[in-house]
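Pulled from TrEMBL, these are the features on record:
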- 145-415: domain 'SAM-dependent methyltransferase TRM5/TYW2-type' (DOMAIN)
- His234, Asp272, Leu273, Asp300, Gly301, Asn328: S-adenosyl-L-methionine binding site (BINDING)
Amino acid sequence: MCAWPDAMADPGLYRPPPAVRGMTVLDREAFTQMIHVPALRVPTTVLNKVVKSLKKIALQRPGIKRVVDDGQPVGGSGQHRLLLLDPHCVASAESFGHEETAALTAFGVSPELHRYELQLTYENLKSEEVLRAVLPEGQDVTSGFSRVGHIAHMNLRDHQLPYKSLIGQVIMDKNPGVTCVVNKTNTIDSTYRNFQMEVLAGESNMVAKVRENGVLYEFDFSRVYWNPRLSTEHERVVSLLRCGDIVLDVFAGVGPFAIPAARRGCVVLANDLNPEAHRWLQHNARLNKVDAAITTFNLDGREFLRGPARERLPGLMRGPGAVHVVMNLPALALDFLDTFRGLLGPEPDQGLSCEATMPQVHCYGFSKEDDPQQDMVQRAEASLGVSLQGRCSVHMVRNVAPNKEMMCVNFRMPREVLYTISSSKEDGGSNQQARDITAACTNIHRLSTKNMHAHKQIAPSRGMQRKKISCTLYMPESAAVIKLLHTCLHHTILL
């Protein structure tokens, strides 16, 4: 920003009149005011060159032309125009920088400034300026939103709610293509991943059309989950896939992983518990002409893994393509990993279970810990019952809120998790007991290292009953540690 001497500064230059403070019903005319800005008188013969040379200090306001008539009486020569300048950059002829001064000299333009009276209206103001003028002084002004097709989705704070209708109208006015503004009124439901919302301004049509990474999606935004901030993550995971790979999308939503994967030549099994998400998933598969490559299911995640996935996995793992499992339900996905324990039963005698054929897992979660990467790995280990040290990587997806990160842990499913040892073998199932001990010890380590979240609870997996070891996480820390130690000692005696 160019220097503007404090003595000449006009802090109200780009601000609406004080009378609009506290307005709850938008009155656009109330924002009109007359201001004065500096201007240069430029010969028309060099006008384009001067405008280009001085673009950094030229006036830039929505809906305002920076080149205007020079105000000469009718019948004048018409050989000059006025170039309006930003008064925050130029206060006098001495305000021009070295480059601007050299340009004016080269083009024969006098540095003398002219005073130009300009009418500033609501249309010339930015949304932040309007809201800053209306909301009580000292309070945060939120003009940010997520764009989902024609819908602007906002998360208003309590102090902004009295102005919600005005805020919605301003957002719609200042963002071409936005015809509906909504505000989230509750947290995301972990079951169906949608939330209640109210329309602040515009139409009530919630069926959005979105193009992400070259793929077209349609869905009812009020009844399914969609986050435009995940487009980069969708692209990252899909870029790991190769033609002929198999994708098991456990929490598929409307298809942001499944549809691009199918377009890439993958065979996709896509599941979602939400009936509306499942319906739009099928619709989007047809819309993008990949319905032949996608088999859809409307099941709970555990039912999907224990049913269709379990039935197909042995055959899929024998094929030439790699198997990928995508688990994008950050609030709960890590808890679903225990479904893989012994999922395929006794280990086959042939080479089906070699490490190279094991599914590659991409599992998402939220973390509020100081070390979110370590937290993700430890929670995954607790669910799987094995150590992932040296066998996984963790990717930071995005910052969701202060001290809350969305993470993705990537690993090849350990063979000892996916298969169980036949009871006829010599060890009599001791490997499974060892995995139980590992899981218990991992939980002990997690609980004993926490110092600020001792009473944190983990949400149950959609009503599915947890195993005994996992249940201890609902207890206060000290009791949980004792319980888990008892479990370890019990298994040790059995072994």
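Every residue gets a Cβ built from N, Cα and C, even glycine.
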Least buried by Cβ count (within 10 Å) of the binding-site residues Asp272, Asp300: Asp300
Just how spread out is the S-adenosyl-L-methionine site if you go by the largest Cα to Cα distance in Å among His234, Asp272, Leu273, Asp300, Gly301, Asn328? 22
What same-chain residues, at least 6 away in sequence, bring their CB to under 8 Å of the CB of His234 (S-adenosyl-L-methionine binding site)? Glu212, Asn213, Pro256, Phe257, Pro260
Counting Cβ atoms within 10 Å across all protein chains shown, which of the binding-site residues Leu273, Gly301, Asn328 comes out on top? Asn328
Quick one: mean pLDDT on the domain 'SAM-dependent methyltransferase TRM5/TYW2-type' (145-415)? 93
